[in-house]
Amino acid sequence: EYWLKGGRQELAKSLERVANTGVARNVILFVGDGMGPNTITASRIYKVGETGHLSFEEFPYIGLLKTYIVDKQVPDSAATATSMFCGIKNNYETAGVDASVHFGDCPASLKEDARLNCAASWAQEAGKATGFVTTTRVTHATPSALYAHTASRKWECESDMPENATACKDIARQLIEDLPGRDFNVIMGGGMQTLRPNSSIPSDPWTCTRRDGRDLIEAWKKDKTSKGSNRLATPTNTRQLLQVDTSSTEYLLGIFAPGHLPFEYARDKSPDGVPSLEQMTTTAIKVLNNNNNGFLLMVEGGMIDQAHHRGHARIALHETVALSDAIRGTMSLLDELKIRDETLVIVTSDHTHALTISGYPSRGANILGVAGKSKIDGVPFTTLNYAVSGPNNYHYSAVNGKVVREDPSKVDTLDFEYSQQAAVLSHESYHGGGEVIVYATGPMAHLFHTLHEQSYVATVIAYASKIGYYNSGTFAATSCITVLVISLILLYIC
């Protein structure tokens, strides 16, 4: 009776659902980088158990997105972000350019026809406020596709660019100097050392450092004041962020770390520390909502992917929960601001990871624990494993000429930095090539309903908010002409 009752309740809820066909004044796109279906399932069990839900799993509409790109079955984040933000698939490790540009081809990326006009530009052209929040560097792969046109996602600052690419701007300069990045109202995340040379804060060895003497944060300030705006905020810690007068702030640039922001479990949660994704997101919404024409906001939970790349499943699950918390806080704020019914909220991922859930563990078992024993070697194995990962995920050794697998029951598999076993050892964990889930609520959310190309996300954003091609451009005009022609034909027939 328990299951039948639950089924009837869910059916009644589905039958009562009415699609919101209004115009989306606002659009918020949440991207869980590397948050594939297995990551979502494991994170749900990790946080609330098998029968619970993460915040976005309560959204009424759902679909699947195919993540392949023009030249790869398994994609990277720059190409998939370009697909989602621009509506066009392109090549591996390129951002904001079409498929005529291949990795590292600077001259090709400078051709005007190859440079894509994407969602942020569409929104700005419609008079909307725009911005993004990320837990990675603000110049990293996913956010860069919002504003940059580059043949290499690796060209975050000039010191990482080869001699044959000197004609191209690095990604950080494009963010601050060029449209649409120059007109973003909100930019928040990490990456101080890509924006400012000789920073006094400790260097992050994972990324480049500016060596050209340009202080792009000062350049950002000068640009805004030259436009007559003195309503600026440049917080560098949680206290300063929460002290921002969001009702009067027009531009906010918050850079909180030299490189990526720290993982949530290790984040300094003191007032002098790093703000949470939820704190950054809700502050961004308050600032952007000052625009009477609405806004477009992209929010990336980027450290899910970074945890997976290091082979640390628990950290990835913890980061997914942090994204879920940010989404829950967002929905509460939209209710508080009374703009929920006019805001399209989309939650998805750019790609999956090679994380597996297997072994027939008992109901209620810790998802990070041991699932059972192999019938071949008699050694226990964990519920979560990676197909390809490393360098610390290869738990095998040679004993008396035989390969012996490490017994995970003899170590702490619940430790945040435990590296789950991998079948194939590599320098890092690899992306997966499967479909990702897209969840949606708000105006036109019902347009996500089946298996879609990942590039369809940009099409829905444009159509729902009447920007880009669906503002007064080609598609809108074509649609009107088509309707007129059909009407005339019907009139003639009748």
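Yeah, the Cβs are placed from backbone N, Cα and C, and that goes for glycine too.
Remember, TrEMBL labels are computer predictions, not curated facts.
Annotated Zn(2+)-binding residues in TrEMBL are Asp33, Asp305, His309, Asp350, His351, and among His102, His427, His431, His446 the one listed with them is His431. Cα distances from Thr142 (Mg(2+) binding site) to the recorded positions Ser77, His309, His431 are smallest for Ser77. Of the chain residues outside the Mg(2+) site list Asp33, His140, Thr142, Glu300, Val31, Ser77, Ala81, Thr134, Thr135, Thr136, Ala141, Pro143, Gly301, Gly302, Asp305, Asp350 have their Cβ within 8 Å of the site's Cβ mean position. DSSP gives Asp305 (Zn(2+) binding site) a helix state.
Every protein chain shown contributes to the tally, and the Cβ of Asp305 (Zn(2+) binding site) ends up with 30 other Cβ atoms within 10 Å. Looking only at other Cβ atoms within 10 Å, the busiest spot among the binding-site residues His351, His431 turns out to be His351. Comparing the binding-site residues His140, His309 on other C-beta atoms within 10 angstroms of each C-beta gives the minimum for His309. DSSP gives Thr142 (Mg(2+) binding site) a helix state.
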